[in-house]
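**Q** Heads up, here are the entries from Swiss-Prot:
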| type | residues | note |
| --- | --- | --- |
| SIGNAL | 1-18 | signal peptide |
| ACT_SITE | E119 | active site, proton donor |
| CARBOHYD | N197 | N-linked glycosylation site |
| ACT_SITE | E228 | active site, nucleophile |
Amino acid sequence: MQIKFLTTLATVLTSVAAMGDLAFNLGVKNDDGTCKDVSTFEGDLDFLKSHSKIIKTYAVSDCNTLQNLGPAAEAEGFQIQLGIWPNDDAHFEAEKEALQNYLPKISVSTIKIFLVGSEALYREDLTASELASKINEIKDLVKGIKDKNGKSYSSVPVGTVDSWNVLVDGASKPAIDAADVVYSNSFSYWQKNSQANASYSLFDDVMQALQTLQTAKGSTDIEFWVGETGWPTDGSSYGDSVPSVENAADQWQKGICALRAWGINVAVYEAFDEAWKPDTSGTSSVEKHWGVWQSDKTLKYSIDCKFN
């Protein structure tokens, strides 16, 4: 079974690069729940830049994210996978207004991609057709926005992010077709996997999503990212999934490092713990503990990939 899986995976990944890129999902709030300012973001990015120079976010207007993070990212030489929240009309209008106000203040090279929605299909916030419409609306919007040097943002791809299992469902096709690039999220923890099965499950999820997207786009030569994956270091168990530093370290090596070795780009969830987050019913405190680093920037486990 494992040999068949690896053979199929190799077929799917025939055209990818030798080593996948690494990015980090980055929270926009301090431990006390207040919003990070430019200097705080600069501190975060200065700390992260020896590990990656790509970060991913979820919204533009919330916490003045683009207003504060954009200049910090440009100053530190980072690219942003910029999330845009599309789920309700008022929020979406605020997102578009923020794009129009703050994209002209930075360079187009600072934005790696616009990502419209984060698991909007998985949560059933939008239908695939509704999400496709929002993606196309952002494409039209950014074509008319120029950066601080007069360059158009039309060169920046516009995509979306959703859970792997939703992407392999045929109902997601309108959104996949509209998106220039699609990121796939996969968490073995939320699938109640034991540690022994966690990395295998992650690979299987990623393979299914990638194969679906390659088929939809009619090519194996597509840009592809795992938009979120990781393992919590504290909180309650979820089925056979047990949060711990040891298990997170194991999933980093056998899951994240291994995916990158196959040429898969991975945006890890997440850079730093977020102590401000509330407990979630049934998974007490787990949302606070997904960071590779504690909120004070103490590393929890080695993130050097060991390919031995």
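Keep in mind that glycine also has a Cβ here, set from the backbone N, Cα and C atoms.
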**Q** If you count, for each of the active-site residues E119, E228, the other Cβ atoms lying within 10 Å of its Cβ, which residue has the minimum?
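**A** So among E119, E228, the active-site residues given, the one with the fewest Cβ atoms within 10 Å is E119.
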**Q** Using the alpha carbons only, what distance in Å do you get between the residue listed as 'active site, nucleophile' and E119 (active site, proton donor) once rounded?
**A** 10
**Q** Per DSSP, the residue listed as 'active site, proton donor' is which: helix, strand or coil?
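**A** DSSP assigns the residue listed as 'active site, proton donor' to coil.
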**Q** Sorry to bug you, but what's the C-alpha spacing from N197 (N-linked glycosylation site) to the residue listed as 'active site, proton donor', rounded to the closest Å?
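**A** Rounded to the nearest whole number, the Cα-Cα distance is 24 Å.
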**Q** Across all chains shown, how many C-beta atoms besides its own are within 10 angstroms of the C-beta of the residue listed as 'N-linked glycosylation site'?
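**A** The residue listed as 'N-linked glycosylation site' is surrounded by 15 other Cβ atoms within 10 Å.
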